[in-house]
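Pulled from TrEMBL:
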- 85-128: DNA-binding region (DNA_BIND)
- 373-386: compositional bias 'Low complexity' (COMPBIAS)
- 83-127: domain 'Homeobox' (DOMAIN)
- 130-331: domain 'TLC' (DOMAIN)
- 346-393: region 'Disordered' (REGION)
- 38-55: transmembrane segment (TRANSMEM)
- 180-198: transmembrane segment (TRANSMEM)
- 205-224: transmembrane segment (TRANSMEM)
- 260-282: transmembrane segment (TRANSMEM)
- 302-323: transmembrane segment (TRANSMEM)
Amino acid sequence: MAGILAWFWNERFWLPHNVTWADLKNTEEATFPQAEDLYLAGPLAFCIFMVRLVFERFIARPCAVGLKIQANGPQKAQPNAILEKVFNAITKHPDEKRLEGLSKQLDWDVRTIQRWYRQRRNQEKPSTLARFCESMWRFTFYLYIFTYGVRFLKKTSWLWNTKECWYNYPNQPLTADIHYYYILELSFYLSLLFSQFTDIKRKDFLIMFVHHLATISLIIFSYVNNMVRVGTLVMCLHDAADVLIEAAKMANYAKCQILCYLLFAMFAILFISSRMGVYPIWILNTTLLESWEIVGPYPSWWVFNLLLVLLQLLHCFWSYLIVKTACRAISKGRVGKWNPLHVSKDDHSDIESSSDEDDSPPPHQKHHSSAANGTNKNGTNGYLTGSPFSYEH
């Protein structure tokens, strides 16, 4: 293990064969990336998280109230000591055997207990207002960092000719603009990584966790390797679509459906074209082929490109979900009832839905109504017709 760690921190892992750390020491004429520069990202991530709390409380929340977004959460489950004890101490998703046992103990039918559990799980979900505030914070940050990235990159040579990323590599001085760009992006994604455990729980939690880890690793790898030129291209390309998806979420929470559809369509077009077209043709081409030709491979080069390919696999997965849900809505002629944000990158589908949940609180006697045989009064088998594409279904 010690040998592996020693090799990992050796300059032969991080740098091309003809370059040493001594070649990249800061001088009066030029500044090069140093690993210790990234230590600032940790405290800054905490500061960004605190700024977010202030922003959501004093800016996003008043905007949400002005748009008449209610703070009310999902319907609360009727208090029941036995079910609450099972929910907190044993399981939040009881199996069929446990449901039957609770049904006999409480003299409730199984479907009523299932409804109680759905309502109780939904109680732990945040309100629409909280979702709006989170999306507005992300929208604001993505808009700022994307605008900064575009203004910075349009003045660089490597935006127009990606081979400039590798000429004279790694002896490319680090400018203050690039350092600021990197530190801010790294700090933001660190704050997202840790706030995932306190934010709205999404069904793609694990995928997003891997995404954040890959992003953070890419930022650190590219900085330490002085691949900051191509790194700025990757960051700017990814921030573009994120602006639109957060704007679409805000429109959805504000019940501006036409605007939501428009923004989501723009997002889908930009996401698929940038992640499935521009990214492999522009980014992967320069990191895999142009860099191989100009610089040549070395150990950390392989790791860096492996992370970029992993990111591309995530792009494929999300693009598939976007196309699948849109095609299903169009083929079934249900676009008018379709919520386009019921895809994995959104959190809106996390609220479990059943048309039974809007009924009155569960009675204390067993029912032998239509709910017991699995068909509700609307003939939808317990599912909302207005949200046919959420993951629950």
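Keep in mind that glycine also has a Cβ here, set from the backbone N, Cα and C atoms.
Keep in mind it's a predicted model, so treat the numbers as computed, not measured.
With a cut-off of 8 Å between Cβ atoms, the residues of this chain six or more beyond the transmembrane segment (38-55) that come close are 136-137, 140, 183-184, 186-188, 190-191, 194-195, 220, 223-224. This prediction places the mean pLDDT of the domain 'TLC' (130-331) at 89. Residue counts for the domain 'Homeobox' (83-127) under DSSP (helix as H, G, I; strand as E, B; rest coil) come to 32 helix, 0 strand, 13 coil.
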